[in-house]
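Student: Copying in the features that TrEMBL gives for the protein in this structure:
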- 102-121: transmembrane segment (TRANSMEM)
- 181-497: domain 'Peptidase A1' (DOMAIN)
- Asp199: active site (ACT_SITE)
- Cys212-Cys217: disulfide bond (DISULFID)
- Cys376-Cys380: disulfide bond (DISULFID)
- Asp385: active site (ACT_SITE)
- Cys419-Cys456: disulfide bond (DISULFID)
Amino acid sequence: MTFYNDHNYDFRSQQFLNEIKLSGVLCLAGLGFHTFRTFFPKHGLFLVFLCPGCRTDSGPGQRFSGFVSAGWSDPIRAAACSDKPSDCWSDGSRTRSTMLKLLLLLLTSIWMSSAVVRIALRRVPSIRTQLRSDGLLEEFLMDSRPDMFNRRYAQCFPPGTPSLRLGRSSQKIYNFMDAQYFGEISLGTPEQNFSVIFDTGSADLWVPSSYCVSQACALHRRFKAFESTSFHHDGRTFGIHYGSGHLLGVMGRDTLKIAGLITLNQEFGESVYEPGSTFVTAKFDGVLGLGYQSLAEILGNPVFDNMVAQKIVDEPVFSFYLSRRTSTSSPEGELLLGGKDEAFYTGPINWVPVTAKGYWQIKMESVAVQGVSSFCPRGCQAIVDTGTSLIAGPTNDILSLQQLIGATPTSLGEFLIDCGRLSSLPHVTFDLGGVEYTLTSEQYVRKELFGGRELCFSGFEAVDIVTAEGPLWILGDVFLTEYYSIFDKGQHRVGFARAKHPVE
């Protein structure tokens, strides 16, 4: 196959992919095409697809040199016929076999470049669960600010905050105490691998730096900028505030790879100081935010925005499937970049428009317990957040809801439920866009083993977030496990459908 490209033709365009797929299929099927030629006048591209028979316009046996693209950028030489007619194929010779293998490899690469990519998500115990298991949770909470769980979404601008953004000081407070789902990415050339939370509740990508001396960094994989030939130093600094202190870092740009998708010149942060013990116990190295750019502390485009701009995903859409529990026979979770997967949901997709482009914020009509007691009856705002494990709401509403489901508070601020009463507990229903989404007690209760005993914790927590539109709710993993979620940045909407789970 030969490409004559005088005008920087985009080899990833759907027109090109469709042409090449069709020609490859016809060629493999042996439907009489020896030379398939296509001309794209607009782009100055002349394509010749040489099929089995080793024929060119000059007749069989002529030398043919083909080029294919490595990642559609640097051309590499492909196998070709020699000057000897005997080396060409007409009877199933080894050359034909070799060329067919190369053709299949090329077509496989092209299909993959259609850019609907799956990222496997692992489910692991949360930081909170690990601290409880180690007997350190109470000490950790006492050493941390009392509002650390309630201020992930708060924004303020105190003097001296070590984050500089367009000349302003800014502060964002995040908390990943209950996050459970992580996936793999790589940065740099050669690749350096990291485990990250794919978080719709933030917009930055950061990983630990090799220059970080915090205990948390020492226990995780660290980015070595000096080993990457594609790294570009930025020099600016950033700061993200967590409940136990500031995470500080410097900005840079490098090549990002996620499950085969390559994003060039991706802005990201290298953390040089990670506060407290929050990240010491974490199973993840960093965070990859999938929220809107207005949330970003690190200057530049968020990862998914860059993927769309560089045309490496088919659609400006990504979707999440989260499993109910750890399993060896089925995925623990999956993030799909560039589309959705019908294998993971059943029934129709119901779309709800985004009401504010920061978080994935939508309008929620009401929350009802067994269809009787209702919260936010006149409607309220909700955030769809894969980086939060629980469902959160205003303190007064959550305390009333906890009473209705029979949950009692502990000294650590959690709510316990009698595991023997689950079958008698009421359903909780969320009305989103006029469609009701119901959770049973088995779905909103978290079960954990502690000291040989099974404990049942409420999947609801109190978080007071006040906005101009009123108090916010957060739909975290407790909700998203039961409902497949689709995030559409092209049309600024979130879709929900009932998730398919294996019969347990």
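Cβ coordinates come from backbone N, Cα and C, glycine included.
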Student: In sequence order, which residues at least six apart in the same chain have a CB under 8 Å from the CB of Cys376 (disulfide bond)?
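Tutor: Within the chain, Cys376 (disulfide bond) has Cβ neighbours under 8 Å at Met364, Glu365, Ser366, Val367, Asp397, Gly470, Pro471, Trp473.
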Student: Just name the most isolated of the disulfide-bonded residues Cys212, Cys419, going by other Cβ atoms within 10 Å of its Cβ.
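Tutor: Sparsest of the disulfide-bonded residues Cys212, Cys419 by Cβ contacts within 10 Å: Cys419.
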Student: Return only the integer: C-alpha distance in Å from Cys212 (disulfide bond) to Asp199 (active site).
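Tutor: Between the Cα atoms of Cys212 (disulfide bond) and Asp199 (active site), the distance comes to 23 Å.
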Student: Taking only the disulfide-bonded residues Cys217, Cys419, Cys456, which one has a CA atom nearest to the CA atom of Asp199 (active site)?
Tutor: Cys217
Student: Taking the Cα atoms as reference points, how far is Cys419 (disulfide bond) from Cys217 (disulfide bond) in Å?
Tutor: 38
Student: How big is the gap, in Å, between the Cα of Cys456 (disulfide bond) and that of Cys217 (disulfide bond), rounded to a whole number?
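Tutor: Cys217 (disulfide bond) has its Cα 33 Å from the Cα of Cys456 (disulfide bond).
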Student: Provide the three-state secondary structure of Cys212 (disulfide bond) computed with DSSP.
Tutor: coil
Student: Tell me the coarse DSSP state (helix, strand, coil) of Asp199 (active site).
Tutor: strand
Student: Taking DSSP as the reference, which of helix, strand or coil describes Asp385 (active site)?
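Tutor: The three-state answer is coil.
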Student: List nothing but the one residue from Asp199, Asp385 whose Cβ has the fewest other Cβ atoms within 10 Å; the candidates are the active-site residues.
Tutor: Asp199
Student: Relative to the Cβ position of Cys217 (disulfide bond), how many further Cβ atoms are located within 10 Å?
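Tutor: Its Cβ has 23 other Cβ atoms within 10 Å.
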Student: For Cys380 (disulfide bond), write down the residues of its own chain that are at least 6 apart in sequence and whose Cβ falls under 8 Å from its Cβ; none is a fine answer.
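Tutor: Looking at Cβ-Cβ distances below 8 Å from Cys380 (disulfide bond), excluding near sequence neighbours, one finds Lys363, Met364, Glu469, Gly470, Pro471, Leu472, Trp473.
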Student: For Cys419 (disulfide bond), what is the secondary structure by DSSP, using just helix, strand and coil?
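Tutor: Cys419 (disulfide bond) sits in a helix per DSSP.
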Student: Using DSSP and collapsing to three states, where does Cys217 (disulfide bond) fall: helix, strand or coil?
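Tutor: DSSP assigns Cys217 (disulfide bond) to helix.
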Student: Near Cys456 (disulfide bond), how many other Cβ atoms are within 10 Å of its Cβ?
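Tutor: Excluding its own Cβ, the number within 10 Å is 20.
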